[in-house]
Structure formats: structure tokens, C-alpha cells
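The annotation active site, proton donor is assigned in TrEMBL to Glu114, Glu434. The active site annotation in TrEMBL covers Asp325, Glu459. The annotation Ca(2+) binding site is assigned in TrEMBL to Thr545. The disulfide bond annotation in TrEMBL covers Cys388-Cys420.
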Amino acid sequence: MRASVSGPESPEEADRARPYAALLLIRGAGNGTRLGSVITPGYRSAASLLTSSAADLISRTVSGLLRGGLRGASIVDSLDTLYIMGLMEEYEEAKEWVQNNLDLNSNGEASLFEVNIRYVGGLLSAYYLTGAEIEFVVHASAKSLSRAQQSAVIYPCVHVRRESIMHSCRLNDINQAKSESRDLEWRPDEALVMSAYTNAVSMSPGVCGAEIFKQKVVELGEKLLPAFNTPTGIPRGVINLGSGTSWSWGWASAGSSILAEFGTLHLEFVHLTELSGNPVFTEKVMNIRKLLNKIEKPHGLYPNFLSPVSGNWVQHHVSIGGLGDSFYEYLIKSFLMSDKTDQEAKKMYYSAMEAIETNLVQKSPAGLTYVAEWRGGILDHKMGHLACFSGGMIGIGADDGPAGQRQHYLDLAAEITHTCHESYSRSATKLGPEAFRFDAGAEATATRLSDRYYILRPEVIESYMYMWRLTHDPKYREWGWEAVEALEKHCRVDAGFSGIRDVYASTVSHDNMQQSFFLSETLKYLYLLFSDDDLLPLEDWVFNTEAHPLPVIRKTCLREHGSTRGDGQTNLE
């Protein structure tokens, strides 16, 4: 019998207990074993599939689903979640699988978009959360050591500095770092001895965990480059990583590429250049931006389909939900990740926001604010669960918009987040449908049977987390707690968590699928919602669209992260 996850009686007790209760959900307490994360049973069940390395977990039968392309999405997607939560045993298992089993030469059909956000994003994040801190400790405490000695860093460093690197990227004072590292002892014939913290554990020199992440992610980034070999430089959506052959999705109109796919590469590719010293990654995504700035945009809007051959829009369907969503997200996050120096991204984002407000933002008869879709000038009064990320997006962009608009953007972000919460609260399960409508008398409810399912999506909880960080309004933690209880009640199954087929049904029917983004996003955002703001502070970290944290690119900061250049040497001057 599982332990109940129920809240305390008083508000004060609730505030103290909810971070622990969120972790209780994640750890899967009450099952009689130390399984460690949602990861119990969610991650642990996925870990039992390491030999088959399924992309997603079939959660009621403890089997796996492999959809083609790369294996092990749940493992790579959960690396940083495990690390952030301090689940080091499971993290070590996942790291070992990456080192020994992640095959980047798959001959299957792989989505450029999915490989980028899950694998490239996950490996980059794992590197920056682990290896970066290690190399900085080496630099700060042992500048006189040889380059070979400096590279012989090992896992125990992670335990010493794990908290400080996640809580801040701004360790600019070398003396402070030396002080923090005072218990490091170097021996010329060994790697590293952490006597004060690890009972004199030492390991032989070799490829440390961080180094394998760096090697894998740069190699994978290079394998994605053939997708850009088109007349316009707009990449095609599908690639065979083994052969380098790429093509467009069969369902995409007239062989087009998808805005949310080719527009959701910038964060990762800029970091690939920072990490490898190879400018080609940044050049590829800047070429996409150049083309988008050149072509005409109907009413200032970006349609979802673009021909990679002609560089023209294929049809005029606009959405900040599926097909369009993360393009807009990456504009504002590119600006923030650049330490607010990428003025082109800033201009594109706020121009797009003006067009979205003018053409798509609507108010329902009951006063709910929502973002409709636009089909050739005709509004479709539908909002998808995917579009609910926009509350958080608009919130994090509030500070840097046009003069005098900060409160307007915060209000808009709060209104959209409230609407998305309503889509949850109006269902029997208190979980939200895939899409909900505002026509024919409907208010934030799904009117079509095909829209009633919930597949453990993160976007609503994501906006709760951002709005909590920005406002500290307690309602966002209250709403997050409702989601914790609903997930525990309706989605937990014997081998993990499962989506449900109808959020309005009093008796749920499970879809038998635990998506990898549940580990990467949904649970991570819940954990951060109930954590202190200095855990991955928003001024220092930007989350990619799969919730993998990437550091803001400050040159001093990246040196501390052990950023490398083209010569393959650690750039720690």
C-alpha cells in the first residue's frame, strides 16, 4: 500500500511540508524500497529497461516503447532532474548508461526537434551542472598544476560543489572559490582526494562524467548539421543520424518545416558553439533568424509552416500552442541567455508579442483571458495545453519590454495562467485536457472527445513555477499542490505514472504511457515550485523547452564552467 500524500491542516504547516510532499511524490515513498525518484517508480522502472533503452515507459506493464531514432530518451531526459534533486545513485546509473550505451549512429527516423531538446539539451545541462563546477574547483585551487592534472577530475567533487553551482553561476571571486575548496588535496600520482568529505576516496585518471557528456553532445550536434543542407538553410524536420539523410515530415503541408521545430534550436546550438569552439552551430541558427526577419509576416504573425526550399510560408495557420509554441519561447530566452545582449532576439520577441496581443489574445464572456489560434484571418477559439506555457513566458519577459509595460505583461501572464488553472479545476480529475475551447457556451473545457486526454504534460505547472518565482503569490503553490494530489490519485500506477484518457471521467482509464517529459519537465517544475528561489535562480539559468537548465552566457561565468574552445583545452585564463 502506498503512503498517502495529503496536506497538513494549517497554512503554516502546509508551507513547511509541501516541498517535502512534492519530493515524496517524486520519490515514490511507501513502496518498501529505496528507489529514489519519480523516478520511483517512474525512473527506476525506466532504469530497469536500460538494456532495451526505450524512449518512453509503458508504465503499467513495465515495458518500453521505442519510436525510432535514438534510444534512452527517459534516461537522458532525467539526468539533470536526478542531479538537481540529489538522487546521486540514480544519477550515477544514468551517467554510466550514457557512457556505455548511448549510440549516436542510429539508422532510425529521428526528429531534429526532439533530439535537440531532449538529448542535446539534456547532455548540455548534465555537463554544466556537473563538469563545469568540477573544472572550476580544479582551476581555483590548483592553478599551478599541469593541464593533464587539471583534467583528471572525478565525481566526488560533485558532492562538494553541487549545491553552490546550482544556486549561483556568479562565482567571480577566485579567493572565495579557493576558500570553498580548501579541503582539496592534490597528489601527483593520483587523481583527486576529497579527504574531508569522502573518506579519502580516490580514483584513477580517466574520462570523468562531465567529459563524457561534453564529448557526446558535441558529437551529436555535429550529426544534426546535415538537416540544414537545404536551399534556404531552414532544416528539415527528420534526420537519419547514421546516414545524415534528412527529409520533411510526411504530414507537413507541401514538404514544409515547422516553426516550433526549426525555431527551437537557438539555445542549444549557441551553447554547442561555446562548448566546442566551433562557430558553425551558431551560424546555422543565426541564418534561420536572418531569413525570418527578411520575409513578410502576415499582420506581424509567424505562420507555422515554412518551405525549406523557397523560404516562403506554406499556409497561414498561427498558434502559440502546438506547431508554434517554443519558437516564441526561444526568442525571449535567447535574449535572457545572452545576458540581455541579444537585442535582435529581444526586438523579434516583443514585436511578436504585440502582434499576438492584437490578433490572438481574447476575453471570454466569463472574463477568462485566452490565446486563440489564427487560420488565414479566422480565429479558432481553442487553446491547447501546450499553449499554457505562455503564462510563464510572458512573465519572464515582463521586465524588459517597452517602457511602462511591465505590470501589463505580468497581469497578462497571470490571467493566462489563471485560465489554464481553470481548465484543470473544471475537470473531475483536476487535471487539464489536451485542448479546451471558448465557443458554443464552453469556457475552458474540452468539447470534443478527442481533446479530453492528459498525457502528464508540464506546461500548466511550468507557468505556476515561473509565476511563483516572479510574484510569490501563494496561490501558485496552492495550485501546484492540487496538481500533486491529482497526479498521485489518478496517474500513479504500479510501475510509474500514466496518462489518462478522459479528465472528465470519474473513473479514470490509463493510457499506459509515461512520457519522458514527465521526468524532465513536470516533476522538475513541481520540485522547483516548492523549492527556494536560489535553486537554479532565473537570473543565472535559462530552461530549454524540455526544462533542461542552461547557464546564462556571461564570459566570466562560462570560464568558471570550464568552457572549452576550439583547441580542446579548458579555457581558464
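The backbone N, Cα and C atoms fix where each Cβ goes, glycine too.
What TrEMBL annotates, mapped onto the structure for a quick look.
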| residue | record | contacts (Cβ under 8 Å, 6+ apart) |
| --- | --- | --- |
| Glu114 | active site, proton donor | Gly69, Ala73 |
| Asp325 | active site | Ala260, Ser319, Leu386, Ala387, Phe389, Ser390, Thr545 |
| Cys388 | disulfide bond | Ile416, Thr417, Cys420, Ser423, Gly432, Glu459, Val460, Glu462, Ser463 |
| Glu434 | active site, proton donor | Gly384, His385, Ala446, Asp451, Arg452, Tyr453, Tyr454, Ile455, Arg457 |
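When the recorded positions Cys420, Glu459, Thr545 are scored by other C-beta atoms within 10 Å, Cys420 scores highest.
According to its DSSP assignment, Cys420 (disulfide bond) is helical.
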